[in-house]
Amino acid sequence: MPCERKPMRYGHSEGQTDVCFDDTGNFIVTCGSDGDVRIWESLDDDDPKSISVGEKAYSCALKNGKLVTAAANNTVQMHTFPEGEPDGILTRFTTNATHVAYNSSGSRVAAGSSDFMVKVVEVSDSSQQKTLRGHNAPVLSVTFDPKDEFLASASCDGSVVVWKIEEQTQVISWPLLQKSNDVTNSKSLCRLAWQPRVAKLLAVPVETTVQLYQRDSWALVSTLSDDLGTQPINVVAWSPCGKFLATGSIGGLLTVWDVEGKLCVDRQKHEKGYTVCGLAWHPSGTQIAYTDTEGCLGLLDGLSSSSSSSTMAIKSTKPAPESYDDLFDDNDDDRPMDEGVSESGSPAKNLVALDDEDDDDLVPATGRARNRSAFLDDENSLDPGSLKLGLDKLGNYEDDAGSAIVLPAASAAPLHPVYEGPMPTPHQKAFQPGSTPAHLMHRFMMWNSVGIVRGYNDERDNAVDVEFHDTAIHHAMHLTNSLGHTLADLSHEAVLLACPSTDELASKLQCLHFSSWDTNKEWMVDLPKGEDVRAVCLGQGWAAAATSALMLRLFSIGGVQRELFSLPGPVVCMAGYGEQLLIVYHRGTGFDGDQALGVQLLLFGRNRQQVIQGEPLPISRRSHLSWLGFTAEGTPCFIDSEGVVRLLNRSLGNTWTPVCNTRDHCKGKSDHYWVVGVHENPQQLRCIPCKGSRYPPTLPRPAVAVLPFKLPLCQTTTEKGQMEEQYWRSVLLQNHFGFLSSSGYEIDEEAQSRAQKEQQELLMKMFALSCKLEREFRCVELAELMTQNVVTLAIRYASRSRRMALAQRLSELALEKANQLQGPEEEEEPLQYTRRNTGSQRQTQDEEVHEEEEEGQDEQMDEGDAAENRRQRLNPFAKGSPASPDKPSPKPVNKEGRVNPFKVSGGTGRSSAGGQPRATNVLDSMTSSSRKPTVLLGSSVSAGKLSKTPVLKPLAPRPKSKTQSTLLNMSASKAANKKPAEEREPAVDRLKPTEALPPASPADNVENTKPKTGFQLWLEENRKSILADNPDLEETDVIKEAMGRFRNLSAGDRLSWTERAKGDEGDLKKRKRAEESQGDDNGQNHSDENSAKKKKPLDTSAKLSAFAFSKN
């Protein structure tokens, strides 16, 4: 095959270059160390188009109008072709990418890098990446199997590896090359090439020869060598038809081989003897473009002008993917199938011609379609000798006539059913959370909140380094890894290591108990034969190991064997924290890329129990588990490969709630975050950013970043959505307080109260927003989540917003909350009323019965007044007390309309002096869920008992403001029009909002006899703030400071305080008149203070006003 060598053209500066053709063959594309990509219309093009891609360009590939380059900025870039417009970054590495290659369809790009990794990236979606790890040195070259099943790569570590792309695993590795530490120091670039179309042979340049390996069997079937070639071969390239192989050597020798006959059909010498580093065939097979290390471009033309020297001609008009049978079967008529129909062809006959091996030993792999005609063929179902096609030439893959002739003969084969449903997903392999892959020479064996365990396995050292974040726990340790430990865990007590079994040694579990008080700090356990450790973890006083025998073995921290039990499936990973053990395992086989994982959560405390019993672990679609552990507060959590962080919600039936998505914080699609810890207080995720990879390098030590939590609620861009997200996130991350306290741990009460305060503030903000939007029903829903005190603020806000219906509902809700808080305590102990009750509790009872008393008891009573009140107020629960020996029984409600709301029937209270049974009252029939004002009023009154039960804050006394006086005047009728107790309406009718306010009892109006000034009212409300600013002031100094601040108020503010004082003076006069009138009535009908208090209950508007304007 004599050809013409064209004169070379200068294209790039001195250094590494690469070359390729476009799909049509109209353009030649080159790249070089000057960082430019040049597009040549021909070798004679004096003005090629130039594209700058970076400082240097090491490799380029072109397919389907997409130009991919490996640049010196650690990226693989994409440009449009032939426009040359940037089309994004396909992937990133931590160091320079060394080689790129397309698959046969152009849907994927493989890239090798100096960071020892190979990545397979989808062109349409660069986030779909597969990383192949296993090389221990920079990658030299990569090449796709034309069937897109395998990928081959060569590395400076001297190995050539074949990978299974989908499983990301090594199929086979050959130690063929000379080792080096970098691509620039490598003896050869070792550009691998897979035979196109049929994909049966892999060409590997080894020294001065080319070795051909058989697909599937991976056996060496042929070696091509030339006596004239004295320099190592640098690059190889197949012709489009797959029959010829071109090679370029370091000395500049170009050779074209006929693979079938192992013949060198053409040799060309570089005109200056420079190293050939780039080689590409024209799609027609008529030309070969090549580049050298000096940046020059050359061309071999006319390869098809004389094909008589070869056993087969090259189709020059269009691509001719010939079958492997055509290369090695001299008799075309004897072959059973043409390659246009069968991809498998006649492998036995082909291999006989190459290596004279037995046919029975060369059965090809089954399980894939054997032809391109949409039918399956069993190899043993047809006799190759019985299918004589009688045609001389059926080698052309694109010959429709040949394919049509083969179909009737092949259709005689029995058809087999084809499964077209979802394909099963391979099981995720077991891993240790917080570790990097085991095949790395330098790796993290564990990174957690305690410290870091690093593993080193290279030619110089095989050791384990342990470093603690807090050196007070223990100093750093350097351990010799003679057993080859691959798993590790670290706690405040010990370091746990495990190694797999070998042919001679069993799998071992080694523990270094550095917190032990004795001198023997290390123990080791051998597992039974055939049982390997798959995962390990440490807890408080215990260690656990999950094995390949589906067993979980528990040990004490000192080495005592404890419980063991079987796992429902192969373990994926484990995590321990205190007394908790979290296990994730395969509960079945997933489909369509999903993993079917189960989770167990066990507690090893006093009450040993299984909290989560093998429930499914909810991970994202088409993802796998990437991290499992506990937060610093002890809540289980995990992260999947999609970056979603999920936290266990103990308050919702042990469900998993997503709290963060690390992908939202990644700048590039190939960037990831490697998690090292999760904290609930403060709410943050501690992780290491990894650019272009999933794992960080060990050196230099990576910096830890902090990511915030965010629940994936709807419409988080709106104010409402933001507050909802903050509230529920705070609620979720506060659950650990309850768990820790129930488990006997000390909790941070300050942090807990701070979180509760934050939640209530958010609820109040959402309440205000709902009020503005006139969503009153939503306001009530939010109020149900509030505490009793915050409901008080909500009532006040609703009243000032003139939403009286909403305020009424909220007041009923507040009373119900108080009733619910007191309900459980009432069941435990009888109602008692003693002198231990505070004055505020007595005030609360009176306030619920008499609105006017609330206004007269704003200031604290001194001891004398309190004693007088105690003498005047009789204990409503102690009927037989000496103070009231002849107290009459309460009248029935249907006669007098009044009952004793504090009276309790049954044997729980004290019996009366005369032994008379207690009368039935309204408290006996009330239920906690009722919202009737009468019942709730009585229930609230029962708050005055021995225990410190919270009382209704809104009913605490406060000075009346001007607004409050106005509301009272609007909602209540004049208090001067009163009726005697005997003439009042029944209890049900007296609850109408139009009734008048009841008068105050004269016994309760001991104080407030003098009207107050505006300054006095202002001082009462601002005294606390003054003392907060100046805590050391005396009383006289406080008054002086207050006078100064009051003078600084505006004239309008001072006037408003004066008007409020006048309003209080008018109210005082009304109370005096009411006292005189009431005193006459009481003298006629009753003899004790308890009867004097039987006045009309509060009407609805009055109660509402009291709630709305109370400052408590």
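Just so you know, glycine gets a Cβ as well, placed from its N, Cα and C.
Just so you know, TrEMBL annotations never went through curation; they're auto-generated.
Summarised as a single figure, the pLDDT of the DNA-binding region (1008-1076) averages 77. Residues or ranges marked as DNA-binding region by TrEMBL: 1008-1076.
The feature compositional bias 'Acidic residues' is assigned by TrEMBL to 323-336 (among others).
Residues or ranges marked as compositional bias 'Acidic residues' by TrEMBL: 846-866 (among others).
The compositional bias 'Polar residues' feature in TrEMBL is assigned to 910-942 (among others).
Sequence annotations record features per position, and here TrEMBL assigns compositional bias 'Polar residues' to 962-974 (among others).
What TrEMBL lists as compositional bias 'Basic and acidic residues' is 979-993 (among others).
Annotation comment: TrEMBL describes 1056-1076 (among others) as compositional bias 'Basic and acidic residues'.
What TrEMBL records for 1008-1076 is domain 'HMG box'.
The feature region 'Disordered' is assigned by TrEMBL to 304-353 (among others).
The annotation region 'Disordered' is assigned in TrEMBL to 817-1013 (among others).
Here TrEMBL flags 1049-1112 (among others) as region 'Disordered'.
If you look up TrEMBL, you'll see 9-41 (among others) marked as repeat 'WD'. Counting residues 6+ beyond its ends, the repeat 'WD' (9-41) has Cβ neighbours under 8 Å at 48-64, 67, 69, 71-72, 79, 81-82, 84, 277-284, 287, 289-299 in the same chain.
According to TrEMBL, the feature repeat 'WD' maps to 132-173 (among others). Residue counts for the repeat 'WD' (132-173) under DSSP, split into helix (H, G, I), strand (E, B) and coil, are 0 helix, 25 strand, 17 coil.
Taken from TrEMBL, the feature repeat 'WD' applies to 233-260 (among others).
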Checklist entry - Counting each residue once, how many in the repeat 'WD' (9-41) are helix, strand and coil under DSSP? => result 0 helix, 15 strand, 18 coil
